[in-house]
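Structure first, commentary second.
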Amino acid sequence: MEDPGETEAHPLGATSLNFVPGYQQEEKPSPDPLYDTPDARGVQAGGSQQPARTVSLRERLLITRPVWLQLRANAAAALHVLRTEPPGTFLVRKSNTRQCQTLCVRLPEASGPSFVSSHYLQESPGGISLEGSELTFPDLVQLICAYCHTRDILLLPLPLPRAIHQAATHKELEAISHLGMEFWSSSLNTKNQQRPSEAPQIPRLKARSPQELDQGTGAALCFFNPLFPGDLGPTKREKFKRSFKVRVSTETSSPLSPPAVPPPPVPVLPGTSSSQTERLPPRQLLQRESSVGYRVPGSASGPSLPPLPSLQEVDCCSPSSSEEEGSSGSPTTSPRLSRPRHRRPLLRSMSSAFCSLLAPERQVGRAATMLMQNRYTAVGQLVQDLLTQVRVGPESRELQGIRQALSRARAMLSAELGPEKLLPPERLELVLEKSLHRSVLKPLRPILAARLRRRLSTDGSLGRLAEGFRLARTQGPGAFGSHLNLSSPVEIEPVRQKLLQLLRAYSPSAQIKWLLQACKLLYTALKTQAGENAGADEFLPLLSLVLAQCDLPDLLLEAEYMSELLEPTLLTGEGGYYLTSLSASLALLSGLSQAHALPLSPAQELQRSLALWEQRRLPATHNFQHLLRVAYQDPSTGCTSKTLAVPPGSSIATLSQLCATKFRVTQPDAFGLFLYKDQGYHRLPPEALVHRLPTTGYLIYRRAERPETQRAATEKTKTGNERPERGAWEEEKGGLNGEGKSEIAVDQEGKDQARGGHMQLEEQKAEGCPALEE
């Protein structure tokens, strides 16, 4: 069936009746088919041929859900479907044993005996996630969208079937969706392995003779910049024109050299005005240039192009910006200004190279901004919903919720843009964080600041801080028990300007940079007064006094703003340290107005708030408990160490087996765990618990047939059923794990004497062996 807008094919020279004047042919309506069914090659077989808008990945998954979401299929059916599919093909079914959804993924042939891996889906009030993964998504479709771009815990990303990926319209996708489970065995399901054989061959480059180059025949020369794959506009052409001037012409056959005079402009065709030439697209202008001789690249050809931006626009701190202004400011140039004029091409080249280095970051930033502005994408829906929710009204723990949403959005953007951009992971994270701040925090900054100011004014925090500022300015350094002071306004004003920049910034990362610059100025002044040995004891009173003299009460709400919205990894570095110093100084100033507050120590409210903040923002420490650091000295390789995870309630026998496995001991029965304490070795019974061992001493894993062991056995025989070794450590309380890591010194020794073994242990400690005292 033909489309209404298409005409029938006629023999050469025949005229269609539809175009004869006065002839009216009765048009029969062409019914639009219910589905546009693509053929096996992915070409549309029916329907309108008009180009439609691009179908997003989320829309493809939503429409074709009956194909990949088979909740009634069992494990055998999933294996049968995925058996002939390429690696990465996926199905979602329902597990009969655990009564939850399962993601089945086809694995490569060389991955193992099983060609399908199953991953259980966990549903929680916060969303849905794969078992063992930390990424959580609102629904199943967004989860599949994310794993189409990233692997996370999967072996490889999830590709769409070829027919679904190449479908151009919603009707084609609906036709595929109508097949359901039968799609996998239909002719539409073409395998991706056939793609390399069907791909068209790349045409080989054809070399041209110098005569063809001189006459301008064939394809024109081109310049390609991999950093700007789609940007070959007039600005790039003008850049080359300014950098060097070479012309290839049909007038002379002399070697290429810079022309003495500017070349003439592009000739205008007869009957065409210059204004019409200016309105022509760049491709037609390029063709007209090639007809008279292609310039590589010429100068002043075609319409006038806008000049390149000066270095001042690229970098206002560049020392060459003043030279550009001086050379272009006056119409007449003196011999003194001629030297900067000759530097222009070099400076422009440096500017272009600098911009080229920054181009990938700008491309990533623009792509991330477009994704966040598009509500039809997963990250766009998340960001837009967040903006709407914050603007509606305040909620409890509002800043913490915004930080969690920013972390989720950054993970989704990293999965979307990571494989396509030439950026290392650490730079990609920084660029995405900056884009999120620009798209989310910049519009919400006035709202959040107003709510923080209202809350802190209601509970009296801002009033107490303002009163503390007044008392600190009145009492001077004596209010903090210090004699250091920045009395000169010349020294205080630079610090105040940095703090004002901090108040104007909307990004927590930028605010931390301004805070670090202000603290650097304070440390410089502190070293001038107190010497190079000045430390935190002198810095905190000086910071408090300078804050009082600057008189900026809004720093209180900015400190909370940064503490809650700053990226978690920055909280453990230098920025987190000085942010804590700022909070402590503000707490000291607020406590000056209270009679019960101590002048030289932070208030109890600060300690409580810092403890709650650390529990909320810093990584949890329960994951690092029950870890034992094991040191092992091999006579051939020397001292090595390993960290072993010992579950709670583990016995010495379990730990001995674990040590034998980790250190590949061939005779584990000949080794045992000993407690080295009070210049003696005490054999630990197998049934003893690891976490109830004393906190002092060394745990040594060594051979059991030692003189110390034999002597201990003799003493044990004499004393009957007494166990001096066990009594030595059972009397003490405590555990090895404590609040952090426990360390076990594991040592393998030969059949030396007891004194020799002690000396060897002391030598290990002197050589840096990681056998540390508990």
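Going from the start of the chain as shown, residues are counted 1 onward.
Every residue gets a Cβ built from N, Cα and C, even glycine.
For Met1, the entry in Swiss-Prot reads N-acetylmethionine.
Sequence annotations record features per position, and here Swiss-Prot assigns region 'Disordered' to 1-52 (among others).
Annotated phosphoserine per Swiss-Prot: Ser16 (among others), in sequence order.
Swiss-Prot lists Tyr35 with the feature phosphotyrosine, giving similarity to another entry as the kind of evidence.
Summarising the annotation, Swiss-Prot assigns domain 'SH2' to 68-162.
According to Swiss-Prot, the feature region 'Disordered' maps to 188-211 (among others).
Among the features that Swiss-Prot reports, phosphoserine is placed at Ser209 (among others).
Under the heading region 'Disordered', Swiss-Prot lists 249-342 (among others).
Taken from Swiss-Prot, the feature compositional bias 'Pro residues' applies to 256-268.
For Ser257 (among others), the entry in Swiss-Prot reads phosphoserine.
Annotated compositional bias 'Low complexity' per Swiss-Prot: 327-337, in sequence order.
The annotation phosphoserine is assigned in Swiss-Prot to Ser330 (among others) on the grounds of similarity to another entry.
Positions annotated as phosphoserine by Swiss-Prot: Ser334 (among others).
Under the heading phosphoserine, Swiss-Prot lists Ser351 (among others).
When pLDDT is averaged over the domain 'VPS9' (456-598), the result is 85. If you look up Swiss-Prot, you'll see 456-598 marked as domain 'VPS9'.
What Swiss-Prot lists as phosphoserine is Ser609 (among others).
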Practice problem: Would you count the other CB atoms within 10 A of the CB of Arg692 (omega-N-methylarginine), including those on all shown protein chains? | Solution: 14
Quiz item: Which residue counts does DSSP give the domain 'VPS9' (456-598) for helix, strand and coil?
Solution: 111 helix, 0 strand, 32 coil
